[in-house]
């Protein structure tokens, strides 16, 4: 316990936030594996545009049923999230990530009806993770990455991320049901837009709150 606590407090505040999010994802994933919890999990952690439940826009972003989905999103979050969280700060990154989760879910909710046959319940952190990757590209455009399917070919994130977005755009337009393509596009666009404009709004918000606190 002492060793674990020491390792935890040696981490930067941003990295601790990323690990905390990954821990929540892991807990929700574990609950999906308990058959008797399935009705509750479907109600509270699966977003279906046809149910009218708005809170699942957020809760579904911490939810994964398949191990490959959980592992892929967690690895991506851990790979990109720490640098972005350290750049933004723990508080701003938390707000950014939660907002990205809601906005990516909302994008999937609103835009999926453009192709009614593609309206399916959705869950997963992919949209929020796309936002993190988009922010990474804005902050560190020349970062070298390796794609999981092409591990021996180096790419910069500025080369790889637009390709991923183009793939999702094709999937959204053509109605592929492999992934929640609208959520990916919404999350990626939000991540890039936030770095461009959102940080300024955050600083103004912090100044306003601090000024009111001093009064």
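Going from the start of the chain as shown, residues are counted 1 onward.
Glycine is no exception: its Cβ is also placed from the backbone N, Cα and C atoms.
Residues or ranges marked as domain 'Peptidase S54 rhomboid' in TrEMBL: 52-195. Per-class residue totals from DSSP over the domain 'Peptidase S54 rhomboid' (52-195), listed helix then strand then coil: 104 helix, 12 strand, 28 coil.
Nonlocal intrachain contacts for the transmembrane segment (17-34), taken as residues 6+ away from its ends with a CB within less than 8 angstroms of a stretch CB, comprise 8, 11, 41, 45, 62-65, 67, 70, 73-74, 77-78, 81-82, 85, 90, 93-94, 97, 125. Taken from TrEMBL, the feature transmembrane segment covers 17-34 (among others).
For the transmembrane segment (117-140), the list of distant contacts is 25, 45-50, 60-65, 69, 73-74, 76-77, 80-81, 83-84, 87-88, 96-97, 100-101, 103-105, 107-108, 157-158, 161, 164, 175, 177, 179-180, 183-192, 194-196: same-chain residues at least six beyond its ends, Cβ to Cβ under 8 Å. The annotation transmembrane segment is assigned in TrEMBL to 117-140 (among others).
Residues annotated as transmembrane segment in TrEMBL: 147-167 (among others).
Sequence annotations record features per position, and here TrEMBL assigns transmembrane segment to 179-197 (among others).
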(message) Over the span of the domain 'Peptidase S54 rhomboid' (52-195), how high is the average pLDDT in this prediction?
(response) 87
